[in-house]
Amino acid sequence: MTKFWIGTSWKMNKTLAEARLFAEALKAADAGRSPDIQRFVIPPFTAVREVKEILSGTSVKVGAQNMHWADQGAWTGEISPLMLKDCNLDIVELGHSERREHFGETNETVGLKVEAAVRHGLIPLICIGETLEDRESGRAAAVLEEEVRGALSKLSEAQKQAEILFAYEPVWAIGENGIPASADYADARQAEIIAVAQSVLARRVPCLYGGSVNPGNCEELIACPHIDGLFIGRSAWNVEGYLDILARCATKVQAN
């Protein structure tokens, strides 16, 4: 792997006008991009097509925050992989803990979605992470293994060669009141995730860290041997914040 992945999901934030302003500012700063970093942005569904169009002349990948596994049908309120491809998207975020907690997402449904994403040429960004209860009871490693294996369980041998990303987001570390994991703790968990994924896929795939990433901890995190990128929340919802973290990480990566 030659690149670090650093991107942000906006969750349920930004109007179309706000999304356009962010994308235009990111495009305007494109000349200062680092060749060592693959950037990505995941807007809400209502802005993905426009954001992708604005960033089409750059290397920034654009994604969606969820999708259904079916191509079409009676799934009121859902978005299909074909619809994402129609928007020219590159990535789809799957299995976020908020979807698992509030919308009934399971390891089974994440697996179905991962297979559908790969089948349609989308890069699945698979979110996994243990709760505080899991961590305190010593079940973190077991929970993460279950989530990794579940996410990859529907892939054929050929599909296992597709581009796949994981994002380790400990549930207790994300959100407005989240407590960032220490770099050592995150790196240890990510080593476990990478090992399990490698046992299934027979190759190493990138694993990003997400969970209260900010300008104060991004450099320490990106320097860890098993952290292949950062999945940023509110610290990157302002384009200046995103560009700041990108610049800090680029300097750190080049120094290493």
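If you go along the chain as it appears here, the first residue is 1 and each next one adds 1.
Backbone N, Cα and C define each Cβ position, glycine as well.
Some features that Swiss-Prot has for this protein:
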| type | residues | note |
| --- | --- | --- |
| ACT_SITE | His96 | active site, electrophile |
| ACT_SITE | Glu169 | active site, proton acceptor |
| BINDING | Gly175, Ser212 | substrate binding site |
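Rounded to a whole value, the Cα-Cα separation of Gly175 (substrate binding site) and the residue listed as 'active site, proton acceptor' is 10 Å. The two recorded residues, the residue listed as 'active site, electrophile' and Ser212 (substrate binding site), have Cα atoms 15 Å apart.
Long-range Cβ proximity for the residue listed as 'active site, proton acceptor', meaning a same-chain Cβ under 8 A and a gap of 6 or more residues, is found for His96, Ser97, Cys127, Ile128, Gly129, Tyr209, Gly210, Gly211, Phe231.
Taking the Cβ of Ser212 (substrate binding site) as centre and 10 Å as the limit, one finds 22 other Cβ atoms among all the protein chains shown. Neighbours of Gly175 (substrate binding site), defined as other CB atoms within 10 A of its CB across all chains, total 16.
Look at His96 (active site, electrophile): DSSP puts it in coil.
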